[in-house]
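Report on the structure given below.
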Amino acid sequence: MGKWWFNSIEGLEHRCGLSKSMDSLGYLIGNTSGSEDPTLNDTNKNIPSWGHSGSYSCNNVDHFFSVRDIWSFISDGTFLVRDNNGNCYSVYLDIENQVFEIDNDSSFLSELESSFSSYMNSSYLNSGSKSDNRYYDRYTYDIKYSWNNHINSCIDSYLRSEINIDSYISSGSDNYRDSYIYSYICSGESVSNSKSGSSSIRTGGNSSDFNRRGRSNDFDLNKKYRHLWVQCENCYGLNYKKFVSFKMHICEQCGYHLKMSSSERIELSIDSGTWDPMDEDMVSMDPIQFHSEEEPYRDRIDSYQRKTGLTEAVQTGIGQLNGIPVAIGVMDFQFMGGSMGSVVGEKITRLIEYATNRSLPVIMVCASGGARMQEGSLSLMQMAKISSASYDYQLNKKLFYVSILTSPTTGGVTASFGMLGDIIIAEPNAYIAFAGKRVIEQTLNKTVPDGSQAAEYSFHKGLFDPIVPRNPLKGVLNELFRLHGFFPLNQNSSRALGSVICSEL
């Protein structure tokens, strides 16, 4: 295996408009024929030349199969090409680590060609139509979309995302979404039309298309790029991870509200520097000694604690919302599906009792699959315990409780404190139900209509009050609190409240 390193300043300056030169960067993938500025350090191998011309033409390299279907192999990071002498090469391109590898393993390539020949007699080939693939005309032997242009487009997209992304944010440009990296990291459209475990190869004309379809579901991003992108569950579009938080985890393509962690919701709602958590050291102790065949309950709790950095499926504490002191609890669906066990119930109950004693408004952000089955009837008792504390808070003390329902809110949470708010707010398109769709269909053997458990449907049936997107949510809460007589503290009152909280926690 030969390995070469490549750098990229000239193409970077040309594409991203950088005025400051970086000495550590050179040309984009280019001259391998030993000219003045070789970018590949090892030139002992006789590799077909990819000239460093203005058009980055690649006329002496043929497609072994089309660019569109290459993205089915993105996990391997490998391109397959053949030169005009009939020699086949596998090309590995790792933009992040600046690695460019070429191999001519004849055994692997001959095995692949045998797969082509065996597939030519298959029924799929006879029934397949080139017109069914809308990428066929664009990516098959098209000089405009040659191999070099494709690779340079990949590098373009990476450079934009890593180096020049601030200019896209400030200008509000959406051009980065047109890049190859953005469009084809996840072969969403081709995968969605395939069944898991099947494989197919399509050949015809002057080119060959190779499709390997074996992904378990349409939502899986390749592991190699999950640190860069967040995929929308609604439109399958990709959102750049570095600034998805600035967009409040709202999909830029369709406006769908993506899932958020409890820490992200606290950061969104609570003023910076005012958050004081409560009962952080409270953890579950496996009260009924529940052991499944897969893993013990305690081991599962430990794994979720390491994964999320949380001790339980809810965070509770005191903070300020536009200067107004509030008691807030935020459930986290990433921790065992936000399930409600004895610790979750105890933390919420203590939060409400503290707010009752301090006459603070309460916000509960719900995201849960319901009661935690690993704790049996003890988890069901939390419904009554929280409801009892809420009754004293709302009816006896006449204080103000706001419930925010996010996706999903189901089971025991829906049947208890989730629906007890003086004002019940739902996020757009939130999944809100008591029993889930799959449970209903398997129990009653009836089909649940699509959208019947969405927030918009429940809103028209009068199940809750407003549907509020994340963008204006903090302002809406601020107006509600002022309407009910809760106002921002002055600096002296704020310091006094902070000292009282610290002394009691």
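Cβ atoms here come from the backbone N, Cα and C positions, even for glycine.
Listed in Swiss-Prot for this protein:
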type     : residues                       : note
REGION   : 189-213                        : region 'Disordered'
COMPBIAS : 189-205                        : compositional bias 'Low complexity'
DOMAIN   : 228-499                        : domain 'CoA carboxyltransferase N-terminal'
BINDING  : CYS232, CYS235, CYS251, CYS254 : Zn(2+) binding site
ZN_FING  : 232-254                        : zinc finger
Ask   = Does DSSP give CYS254 (Zn(2+) binding site) helix, strand or coil?
value = coil
Query = Which has the fewest other Cβ atoms within 10 Å: CYS251, CYS254, the binding-site residues listed?
reply = CYS254
Message = I want to verify one value. Collapsing DSSP to three states, which class is CYS232 (Zn(2+) binding site)?
response = coil
Message = Cβ within 8 angstroms of the Cβ centroid of CYS232, CYS235, CYS251, CYS254: which residues besides those meet this for the Zn(2+) site?
response = GLU233, ASN234, TYR236, GLY237, ASN239, GLU252, GLN253, GLY255, TYR256
